[in-house]
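Remarks on the structure that follows.
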Amino acid sequence: MADALQNAMQKDEPKFTDPIRGEMVCFASSMISTNGVWQGYDPFEYSLPLFILQLMLIVVITRILIFLLKPLRQPKVISEILGGVILGPSILGRSANFSATIFPLRSIMVLETLANVGLLFFLFLVGVEMDLGMIRKTSQKAMVIAIACMSLPFLIGSSTTFLFNGETQVNHLSFVVFMGVALSVTAFPVLTRILAELKLLNTEIGKIAMSAAMMNDICAWILLALVVALVESNSSTTLASFYVIFSSIGFVLMLIFVVRPGIEWFIHRIPNGESFSDYHICLILTGVFVCEFITDAIGTHLIFGAFVFGLIIPKGPLATTLLEKLEDFVTTLLLPLYFAISGLRTDISSVNGKGDYGFFIAIIVLACVGKVAGTLLIALYYKMPFREAFVLALLMNTKGLTEMVVLNVGKDQKVYINTIILLP
(Lines of atoms letter the chains of each structure in order from A and count residues from 1; the text may use other names and numbers.)
(Lines give C-alpha, C1' and ligand atoms only; values in the text may rest on other atoms or scores of the structure.)
Protein backbone atom coordinates (compact mmCIF):
# COMPACT_ATOMS: atom_id res chain seq x y z
CA MET A 1 0.00 0.00 0.00
CA ALA A 2 2.89 2.34 0.76
CA ASP A 3 4.29 1.75 -2.74
CA ALA A 4 0.90 2.55 -4.28
CA LEU A 5 0.65 5.83 -2.37
CA GLN A 6 4.23 6.74 -3.28
CA ASN A 7 3.52 6.07 -6.95
CA ALA A 8 0.35 8.15 -6.69
CA MET A 9 2.32 11.09 -5.32
CA GLN A 10 4.95 10.80 -8.03
CA LYS A 11 2.28 10.72 -10.75
CA ASP A 12 0.42 13.72 -9.31
CA GLU A 13 -2.59 11.58 -8.55
CA PRO A 14 -5.53 13.20 -6.64
CA LYS A 15 -4.79 14.39 -3.11
CA PHE A 16 -7.00 15.82 -0.39
CA THR A 17 -6.79 16.94 3.20
CA ASP A 18 -8.58 14.58 5.53
CA PRO A 19 -11.43 16.63 7.12
CA ILE A 20 -11.38 14.61 10.33
CA ARG A 21 -7.69 14.28 11.14
CA GLY A 22 -6.40 17.26 9.12
CA GLU A 23 -3.73 15.19 7.34
CA MET A 24 -2.81 15.23 3.65
CA VAL A 25 -3.87 12.03 1.87
CA CYS A 26 -3.18 10.90 -1.69
CA PHE A 27 -4.65 7.96 -3.56
CA ALA A 28 -4.37 6.19 -6.88
CA SER A 29 -7.38 6.92 -9.08
CA SER A 30 -7.28 3.41 -10.59
CA MET A 31 -7.71 1.66 -7.24
CA ILE A 32 -11.50 1.26 -7.43
CA SER A 33 -12.12 -2.48 -7.51
CA THR A 34 -9.97 -5.58 -7.13
CA ASN A 35 -9.48 -8.61 -9.38
CA GLY A 36 -9.89 -10.98 -6.45
CA VAL A 37 -7.95 -12.44 -3.55
CA TRP A 38 -6.94 -15.48 -5.64
CA GLN A 39 -4.73 -13.21 -7.73
CA GLY A 40 -3.09 -11.72 -4.68
CA TYR A 41 -5.19 -8.56 -4.30
CA ASP A 42 -6.25 -7.23 -0.90
CA PRO A 43 -9.86 -5.91 -1.00
CA PHE A 44 -9.09 -3.53 1.87
CA GLU A 45 -6.74 -1.59 -0.41
CA TYR A 46 -9.47 -0.78 -2.99
CA SER A 47 -12.10 1.89 -2.51
CA LEU A 48 -15.28 0.11 -3.68
CA PRO A 49 -15.01 -3.14 -1.65
CA LEU A 50 -13.82 -1.13 1.34
CA PHE A 51 -16.82 1.20 1.08
CA ILE A 52 -19.19 -1.77 0.81
CA LEU A 53 -17.63 -3.26 3.95
CA GLN A 54 -17.97 0.06 5.79
CA LEU A 55 -21.60 0.37 4.72
CA MET A 56 -22.41 -3.17 5.85
CA LEU A 57 -20.73 -2.59 9.20
CA ILE A 58 -22.60 0.68 9.79
CA VAL A 59 -25.97 -0.81 8.85
CA VAL A 60 -25.47 -3.96 10.95
CA ILE A 61 -24.42 -2.03 14.07
CA THR A 62 -27.31 0.39 13.62
CA ARG A 63 -29.88 -2.40 13.22
CA ILE A 64 -28.53 -4.24 16.28
CA LEU A 65 -28.84 -1.08 18.37
CA ILE A 66 -32.36 -0.47 17.05
CA PHE A 67 -33.31 -4.01 18.15
CA LEU A 68 -31.70 -3.59 21.59
CA LEU A 69 -33.27 -0.17 22.24
CA LYS A 70 -36.71 -1.07 20.90
CA PRO A 71 -38.01 -2.21 24.34
CA LEU A 72 -37.05 1.25 25.63
CA ARG A 73 -39.11 2.82 22.81
CA GLN A 74 -36.17 4.85 21.57
CA PRO A 75 -36.41 6.33 18.04
CA LYS A 76 -34.12 5.02 15.31
CA VAL A 77 -32.07 8.20 15.23
CA ILE A 78 -30.75 7.45 18.73
CA SER A 79 -29.40 4.09 17.53
CA GLU A 80 -27.83 5.73 14.47
CA ILE A 81 -26.07 8.35 16.60
CA LEU A 82 -24.83 5.70 19.05
CA GLY A 83 -23.66 3.55 16.14
CA GLY A 84 -21.55 6.41 14.82
CA VAL A 85 -20.02 7.02 18.26
CA ILE A 86 -19.23 3.30 18.65
CA LEU A 87 -17.36 3.26 15.32
CA GLY A 88 -15.49 6.46 16.12
CA PRO A 89 -12.42 7.09 18.26
CA SER A 90 -14.57 7.01 21.38
CA ILE A 91 -14.83 3.18 21.34
CA LEU A 92 -13.79 0.96 18.40
CA GLY A 93 -11.73 3.70 16.78
CA ARG A 94 -9.41 3.72 19.80
CA SER A 95 -7.81 0.66 18.21
CA ALA A 96 -5.24 1.86 15.68
CA ASN A 97 -5.56 -1.40 13.71
CA PHE A 98 -9.33 -1.02 13.43
CA SER A 99 -9.09 2.58 12.20
CA ALA A 100 -6.28 1.83 9.75
CA THR A 101 -8.05 -1.23 8.32
CA ILE A 102 -11.76 -0.32 8.28
CA PHE A 103 -11.64 3.49 8.16
CA PRO A 104 -8.28 4.44 6.59
CA LEU A 105 -7.69 8.06 5.62
CA ARG A 106 -8.00 7.37 1.90
CA SER A 107 -11.58 6.09 2.33
CA ILE A 108 -12.92 9.11 4.19
CA MET A 109 -13.62 11.21 1.09
CA VAL A 110 -15.81 8.52 -0.51
CA LEU A 111 -17.63 7.83 2.75
CA GLU A 112 -18.25 11.50 3.52
CA THR A 113 -19.46 12.22 -0.03
CA LEU A 114 -22.08 9.47 0.10
CA ALA A 115 -23.01 10.48 3.65
CA ASN A 116 -23.70 14.04 2.57
CA VAL A 117 -25.74 12.86 -0.42
CA GLY A 118 -27.89 10.88 2.02
CA LEU A 119 -28.18 13.91 4.30
CA LEU A 120 -29.22 16.18 1.44
CA PHE A 121 -31.97 13.84 0.29
CA PHE A 122 -33.14 13.34 3.87
CA LEU A 123 -33.50 17.09 4.39
CA PHE A 124 -35.31 17.28 1.06
CA LEU A 125 -37.77 14.69 2.38
CA VAL A 126 -38.09 16.64 5.65
CA GLY A 127 -39.09 19.68 3.61
CA VAL A 128 -41.56 17.57 1.61
CA GLU A 129 -43.14 16.32 4.85
CA MET A 130 -43.56 19.83 6.26
CA ASP A 131 -46.95 21.33 5.50
CA LEU A 132 -46.63 25.11 5.43
CA GLY A 133 -50.42 25.27 5.37
CA MET A 134 -50.33 23.98 8.94
CA ILE A 135 -48.44 27.12 9.96
CA ARG A 136 -51.07 29.35 8.36
CA LYS A 137 -53.82 27.42 10.15
CA THR A 138 -52.02 27.13 13.46
CA SER A 139 -53.37 28.84 16.49
CA GLN A 140 -51.78 31.77 18.24
CA LYS A 141 -50.93 29.38 21.06
CA ALA A 142 -48.62 27.26 18.87
CA MET A 143 -46.93 30.32 17.42
CA VAL A 144 -46.22 31.85 20.84
CA ILE A 145 -44.96 28.48 22.14
CA ALA A 146 -42.62 28.22 19.14
CA ILE A 147 -41.20 31.68 19.83
CA ALA A 148 -40.85 31.04 23.57
CA CYS A 149 -39.21 27.61 23.27
CA MET A 150 -36.61 29.03 20.88
CA SER A 151 -36.02 32.49 22.37
CA LEU A 152 -34.97 31.53 25.90
CA PRO A 153 -32.41 28.82 24.94
CA PHE A 154 -31.19 31.07 22.10
CA LEU A 155 -30.45 33.82 24.61
CA ILE A 156 -28.81 31.33 26.97
CA GLY A 157 -26.69 29.85 24.20
CA SER A 158 -25.57 33.18 22.79
CA SER A 159 -24.77 34.50 26.27
CA THR A 160 -22.34 31.61 26.88
CA THR A 161 -20.11 32.65 23.97
CA PHE A 162 -17.99 34.81 26.26
CA LEU A 163 -16.67 31.57 27.79
CA PHE A 164 -14.97 30.78 24.48
CA ASN A 165 -13.72 34.28 23.75
CA GLY A 166 -10.64 34.16 21.50
CA GLU A 167 -11.00 30.41 20.80
CA THR A 168 -12.93 30.69 17.51
CA GLN A 169 -11.63 31.42 14.04
CA VAL A 170 -14.56 33.57 12.87
CA ASN A 171 -16.22 36.83 13.88
CA HIS A 172 -18.07 36.93 17.17
CA LEU A 173 -21.49 37.57 15.59
CA SER A 174 -21.34 34.29 13.66
CA PHE A 175 -20.36 32.44 16.83
CA VAL A 176 -23.18 34.07 18.83
CA VAL A 177 -25.82 33.11 16.25
CA PHE A 178 -24.40 29.60 15.88
CA MET A 179 -24.43 28.91 19.62
CA GLY A 180 -27.97 30.22 19.88
CA VAL A 181 -29.16 27.99 17.04
CA ALA A 182 -27.31 24.91 18.32
CA LEU A 183 -29.00 25.10 21.73
CA SER A 184 -32.47 26.30 20.72
CA VAL A 185 -33.47 24.17 17.74
CA THR A 186 -36.03 21.35 18.00
CA ALA A 187 -35.40 18.25 15.88
CA PHE A 188 -38.59 18.24 13.79
CA PRO A 189 -37.86 14.91 11.97
CA VAL A 190 -37.21 13.11 15.26
CA LEU A 191 -40.23 14.70 16.95
CA THR A 192 -42.47 13.60 14.07
CA ARG A 193 -41.41 9.98 14.47
CA ILE A 194 -41.74 10.08 18.26
CA LEU A 195 -45.28 11.45 18.01
CA ALA A 196 -46.17 8.80 15.42
CA GLU A 197 -44.75 5.97 17.56
CA LEU A 198 -46.61 7.26 20.64
CA LYS A 199 -49.81 7.78 18.61
CA LEU A 200 -49.96 11.47 19.55
CA LEU A 201 -50.04 13.00 16.06
CA ASN A 202 -53.77 13.67 16.09
CA THR A 203 -53.99 14.86 19.70
CA GLU A 204 -53.99 18.52 20.71
CA ILE A 205 -50.50 18.22 22.20
CA GLY A 206 -49.25 16.55 19.03
CA LYS A 207 -50.66 19.23 16.73
CA ILE A 208 -49.26 22.06 18.87
CA ALA A 209 -45.86 20.36 19.10
CA MET A 210 -45.73 19.71 15.33
CA SER A 211 -46.68 23.29 14.42
CA ALA A 212 -44.26 24.84 16.92
CA ALA A 213 -41.40 22.50 15.94
CA MET A 214 -41.97 23.22 12.25
CA MET A 215 -41.69 26.98 12.79
CA ASN A 216 -38.69 26.39 15.04
CA ASP A 217 -36.92 24.30 12.40
CA ILE A 218 -37.53 26.78 9.58
CA CYS A 219 -36.13 29.62 11.69
CA ALA A 220 -33.13 27.46 12.61
CA TRP A 221 -32.24 26.70 8.97
CA ILE A 222 -32.55 30.37 8.04
CA LEU A 223 -30.29 31.39 10.92
CA LEU A 224 -27.82 28.65 10.05
CA ALA A 225 -27.67 29.93 6.48
CA LEU A 226 -26.99 33.38 7.94
CA VAL A 227 -24.11 31.97 10.00
CA VAL A 228 -22.53 30.43 6.90
CA ALA A 229 -22.96 33.70 5.00
CA LEU A 230 -21.31 35.73 7.76
CA VAL A 231 -18.63 33.22 8.65
CA GLU A 232 -15.76 35.38 7.39
CA SER A 233 -14.77 38.25 9.69
CA ASN A 234 -12.34 40.33 7.64
CA SER A 235 -13.54 43.50 5.93
CA SER A 236 -12.77 42.29 2.42
CA THR A 237 -15.55 39.71 2.62
CA THR A 238 -18.14 41.84 4.40
CA LEU A 239 -19.70 42.92 1.09
CA ALA A 240 -19.58 39.35 -0.17
CA SER A 241 -21.59 38.25 2.86
CA PHE A 242 -24.39 40.62 1.88
CA TYR A 243 -24.24 39.25 -1.67
CA VAL A 244 -24.68 35.77 -0.24
CA ILE A 245 -27.71 36.83 1.83
CA PHE A 246 -29.42 38.69 -1.03
CA SER A 247 -28.73 35.95 -3.56
CA SER A 248 -30.16 33.40 -1.10
CA ILE A 249 -33.31 35.50 -0.78
CA GLY A 250 -33.52 35.68 -4.57
CA PHE A 251 -33.08 31.91 -4.79
CA VAL A 252 -35.98 31.33 -2.36
CA LEU A 253 -38.22 33.78 -4.24
CA MET A 254 -37.40 32.03 -7.53
CA LEU A 255 -38.42 28.69 -6.05
CA ILE A 256 -41.69 30.11 -4.72
CA PHE A 257 -42.80 32.15 -7.73
CA VAL A 258 -41.23 30.24 -10.65
CA VAL A 259 -40.40 26.63 -9.76
CA ARG A 260 -43.44 25.85 -7.61
CA PRO A 261 -45.96 27.06 -10.25
CA GLY A 262 -44.07 24.98 -12.84
CA ILE A 263 -44.37 21.86 -10.67
CA GLU A 264 -48.08 22.54 -10.09
CA TRP A 265 -48.52 22.94 -13.88
CA PHE A 266 -47.18 19.50 -14.75
CA ILE A 267 -49.09 17.94 -11.82
CA HIS A 268 -52.36 19.29 -13.24
CA ARG A 269 -51.52 17.87 -16.67
CA ILE A 270 -51.52 14.31 -15.29
CA PRO A 271 -54.98 12.71 -15.67
CA ASN A 272 -56.79 11.76 -12.48
CA GLY A 273 -56.00 8.27 -11.31
CA GLU A 274 -52.68 7.98 -13.13
CA SER A 275 -49.45 7.72 -11.18
CA PHE A 276 -46.37 9.83 -11.69
CA SER A 277 -43.95 8.47 -14.25
CA ASP A 278 -40.24 7.88 -13.81
CA TYR A 279 -39.69 11.00 -15.90
CA HIS A 280 -41.49 13.18 -13.33
CA ILE A 281 -39.62 11.65 -10.38
CA CYS A 282 -36.31 12.04 -12.20
CA LEU A 283 -37.16 15.68 -12.90
CA ILE A 284 -37.77 16.37 -9.22
CA LEU A 285 -34.60 14.58 -8.13
CA THR A 286 -32.61 16.54 -10.70
CA GLY A 287 -34.14 19.68 -9.22
CA VAL A 288 -32.76 18.68 -5.81
CA PHE A 289 -29.24 18.50 -7.22
CA VAL A 290 -29.66 21.79 -9.08
CA CYS A 291 -30.83 23.58 -5.91
CA GLU A 292 -27.97 22.09 -3.91
CA PHE A 293 -25.45 23.23 -6.53
CA ILE A 294 -26.88 26.75 -6.66
CA THR A 295 -26.87 27.25 -2.89
CA ASP A 296 -23.33 25.92 -2.64
CA ALA A 297 -22.21 28.19 -5.49
CA ILE A 298 -23.70 31.33 -3.93
CA GLY A 299 -22.09 30.57 -0.57
CA THR A 300 -25.02 29.08 1.39
CA HIS A 301 -24.75 25.53 2.66
CA LEU A 302 -25.95 22.69 0.40
CA ILE A 303 -28.58 21.56 2.88
CA PHE A 304 -30.41 24.88 2.60
CA GLY A 305 -31.15 24.31 -1.09
CA ALA A 306 -32.40 20.77 -0.54
CA PHE A 307 -34.60 21.77 2.39
CA VAL A 308 -36.21 24.79 0.68
CA PHE A 309 -36.83 22.82 -2.52
CA GLY A 310 -38.61 20.18 -0.43
CA LEU A 311 -40.75 22.90 1.19
CA ILE A 312 -42.10 24.18 -2.14
CA ILE A 313 -43.17 20.72 -3.36
CA PRO A 314 -47.01 20.82 -3.40
CA LYS A 315 -48.52 18.54 -0.79
CA GLY A 316 -50.57 15.75 -2.30
CA PRO A 317 -49.94 12.76 -4.58
CA LEU A 318 -46.50 13.95 -5.70
CA ALA A 319 -45.23 14.42 -2.14
CA THR A 320 -46.64 11.02 -1.16
CA THR A 321 -44.97 9.33 -4.14
CA LEU A 322 -41.60 10.91 -3.37
CA LEU A 323 -41.78 9.79 0.26
CA GLU A 324 -42.75 6.25 -0.73
CA LYS A 325 -39.93 5.91 -3.26
CA LEU A 326 -37.11 7.58 -1.33
CA GLU A 327 -37.73 7.45 2.41
CA ASP A 328 -36.77 3.84 3.14
CA PHE A 329 -33.63 3.90 0.98
CA VAL A 330 -32.42 7.24 2.32
CA THR A 331 -33.18 6.73 6.01
CA THR A 332 -32.15 3.07 6.18
CA LEU A 333 -29.05 2.99 3.98
CA LEU A 334 -27.62 6.47 3.34
CA LEU A 335 -28.45 8.47 6.46
CA PRO A 336 -26.60 6.15 8.90
CA LEU A 337 -23.43 7.02 6.95
CA TYR A 338 -23.77 10.61 8.12
CA PHE A 339 -23.90 9.55 11.75
CA ALA A 340 -20.87 7.34 11.20
CA ILE A 341 -18.95 10.38 9.96
CA SER A 342 -20.20 12.36 12.96
CA GLY A 343 -19.04 9.54 15.23
CA LEU A 344 -15.62 9.51 13.59
CA ARG A 345 -15.36 13.22 14.42
CA THR A 346 -16.37 12.74 18.05
CA ASP A 347 -13.90 11.66 20.71
CA ILE A 348 -15.53 11.47 24.13
CA SER A 349 -12.18 10.66 25.70
CA SER A 350 -11.01 14.18 24.87
CA VAL A 351 -13.15 15.36 27.79
CA ASN A 352 -10.76 15.28 30.71
CA GLY A 353 -10.47 17.25 33.86
CA LYS A 354 -13.12 18.85 36.01
CA GLY A 355 -13.15 22.00 33.87
CA ASP A 356 -14.13 20.14 30.68
CA TYR A 357 -16.77 18.09 32.44
CA GLY A 358 -18.11 21.23 34.06
CA PHE A 359 -18.54 22.97 30.68
CA PHE A 360 -19.99 19.80 29.17
CA ILE A 361 -22.64 19.36 31.87
CA ALA A 362 -23.39 23.08 32.17
CA ILE A 363 -24.19 23.50 28.45
CA ILE A 364 -26.42 20.41 28.42
CA VAL A 365 -28.31 21.58 31.51
CA LEU A 366 -28.68 25.15 30.21
CA ALA A 367 -29.95 23.94 26.83
CA CYS A 368 -32.52 21.58 28.34
CA VAL A 369 -33.65 23.90 31.15
CA GLY A 370 -34.07 26.85 28.78
CA LYS A 371 -36.09 24.79 26.30
CA VAL A 372 -38.31 23.11 28.89
CA ALA A 373 -38.82 26.21 31.05
CA GLY A 374 -39.68 28.47 28.11
CA THR A 375 -42.30 26.04 26.78
CA LEU A 376 -43.69 25.16 30.22
CA LEU A 377 -44.25 28.77 31.28
CA ILE A 378 -46.09 29.70 28.08
CA ALA A 379 -48.18 26.51 28.17
CA LEU A 380 -49.21 27.25 31.77
CA TYR A 381 -50.01 30.83 30.75
CA TYR A 382 -52.54 29.39 28.27
CA LYS A 383 -54.05 27.41 31.18
CA MET A 384 -52.97 23.99 29.97
CA PRO A 385 -52.97 21.31 32.72
CA PHE A 386 -49.53 21.01 34.30
CA ARG A 387 -49.04 17.40 33.16
CA GLU A 388 -49.87 18.22 29.52
CA ALA A 389 -47.75 21.37 29.65
CA PHE A 390 -44.78 19.40 30.99
CA VAL A 391 -45.19 16.69 28.32
CA LEU A 392 -45.29 19.40 25.64
CA ALA A 393 -42.15 20.99 27.10
CA LEU A 394 -40.30 17.66 26.99
CA LEU A 395 -41.42 17.06 23.40
CA MET A 396 -40.14 20.48 22.33
CA ASN A 397 -36.78 19.58 23.87
CA THR A 398 -36.35 16.76 21.34
CA LYS A 399 -32.80 16.57 20.00
CA GLY A 400 -31.31 14.49 17.21
CA LEU A 401 -30.41 14.84 13.54
CA THR A 402 -31.00 18.59 13.27
CA GLU A 403 -28.51 19.35 16.03
CA MET A 404 -25.96 16.96 14.54
CA VAL A 405 -26.24 18.76 11.20
CA VAL A 406 -25.89 22.18 12.84
CA LEU A 407 -22.82 21.09 14.81
CA ASN A 408 -21.16 19.49 11.79
CA VAL A 409 -21.80 22.58 9.66
CA GLY A 410 -20.28 24.70 12.41
CA LYS A 411 -17.25 22.42 12.56
CA ASP A 412 -16.79 22.48 8.77
CA GLN A 413 -17.06 26.27 8.72
CA LYS A 414 -14.67 26.56 11.71
CA VAL A 415 -17.33 28.46 13.66
CA TYR A 416 -16.19 26.86 16.91
CA ILE A 417 -13.09 25.21 18.30
CA ASN A 418 -12.51 21.47 18.01
CA THR A 419 -13.95 20.47 21.35
CA ILE A 420 -16.20 17.73 22.61
CA ILE A 421 -18.08 20.29 24.72
CA LEU A 422 -20.45 21.12 21.89
CA LEU A 423 -20.97 17.60 20.60
CA PRO A 424 -23.87 15.49 21.87
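Any Cβ shown, glycine's included, is placed from N, Cα and C.
These figures come from a predicted structure and were not determined experimentally.
Under the heading transmembrane segment, TrEMBL lists 48-69 (among others).
Here TrEMBL flags 59-418 as domain 'Cation/H+ exchanger transmembrane'.
The transmembrane segment annotation in TrEMBL covers 81-102 (among others). For the transmembrane segment (81-102), the list of distant contacts is 44, 53-54, 57-58, 61-62, 65, 336, 339-349, 400, 404, 424: same-chain residues at least six beyond its ends, Cβ to Cβ under 8 Å.
Among the features that TrEMBL reports, transmembrane segment is placed at 108-130 (among others).
Sequence-remote contacts of a segment are chain residues at least 6 beyond its ends whose Cβ falls under 8 Å from one of its Cβ atoms, and for the transmembrane segment (142-164) they are 172, 175-177, 179-186, 207-208, 211-213, 215-216, 219-220, 359, 363, 366-367, 370-371, 373-375, 377-379, 382, 392-393, 396, 416-417. Residues or ranges marked as transmembrane segment in TrEMBL: 142-164 (among others).
The transmembrane segment annotation in TrEMBL covers 176-196 (among others).
The transmembrane segment annotation in TrEMBL covers 208-231 (among others).
Taken from TrEMBL, the feature transmembrane segment applies to 237-259 (among others).
Here TrEMBL flags 280-313 (among others) as transmembrane segment.
Residues or ranges marked as transmembrane segment by TrEMBL: 357-382 (among others). Note on the transmembrane segment (357-382): residues 141, 144-145, 148-153, 155-157, 160, 163, 183-184, 186, 351, 388-390, 392-394, 396-397, 420-422 of its chain, located 6 or more positions outside it, place their CB under 8 angstroms from a CB of the stretch.
Remote same-chain partners of the transmembrane segment (176-196), defined as residues 6 or more beyond its termini with a Cβ less than 8 Å from a stretch Cβ, comprise 75-77, 122, 126, 129-130, 149-158, 160-161, 206, 209-210, 212-214, 216-217, 220, 223-224, 226-227, 230, 363, 366-367, 370-371, 395-403, 406-407, 410, 415-416, 422. Sequence-distant contacts of the transmembrane segment (280-313), counting only residues of its own chain at least 6 positions beyond either end whose CB sits under 8 Å from a CB of the stretch, comprise 116, 119-121, 123-130, 132, 218, 221, 224-225, 228-229, 240, 243-244, 247-248, 251-252, 255-256, 259-260, 263, 266, 270, 319, 321-322, 325, 405, 409.
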